[in-house]
Amino acid sequence: MWGFLKRPVVVTADINLSLVALTGMGLLSRLWRLTYPRAVVFDEVYYGQYISFYMKRIFFLDDSGPPFGHMVLALGGYLGGFDGNFLWNRIGAEYSSNVPVWSLRLLPALAGALSVPMAYQIVLELHFSHCAAMGAALLMLIARFL
């Protein structure tokens, strides 16, 4: 009855080092100096207003995108303790001390970082070569710098 205890337990793992390296480079490129500049940048003018509405418990529908996307961005503000009291009126406006810039930018940065290994995996799943998958992933990686 206890015969299974006499056999050793064997665990094997295949680790794709290319995928690990691409994930690391994606995270590094997207999270490096995430709070720089500590001022409003382009899309934050638009989406920051929606985040402030959700932080003040004002729910709305608009034609700029799905409400779930705005709510996910507001989740970053909520987790960082943002109270919604900031005027998102112009690009380049300095953030006040009550705006958790890092937590507001974290979720979009993670999505961008994980798009790098995802591009690699998608191209591999489409039965293209390893070189083609690396090329697609590297294009996603350098897209951050364009």
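Using the three backbone atoms N, Cα and C, a Cβ is placed for every residue, glycine included.
On a predicted model such as this, the values are computed, not experimentally measured, just so you know.
According to TrEMBL, the protein has these features:
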DOMAIN    21-143  domain 'ArnT-like N-terminal'
TRANSMEM  9-28  transmembrane segment
TRANSMEM  68-88  transmembrane segment
TRANSMEM  100-120  transmembrane segment
Long-range environment of the transmembrane segment (100-120) - Cβ separation under 8 angstroms, sequence gap at least 6: 18-19, 22-23, 25-27, 29-31, 34-35, 38, 44, 48, 51, 72-73, 75-77, 79-82, 133-134, 136-137, 139-141, 144
Secondary structure tally of the domain 'ArnT-like N-terminal' (21-143) (DSSP, helix then strand then coil): 76 helix, 2 strand, 45 coil
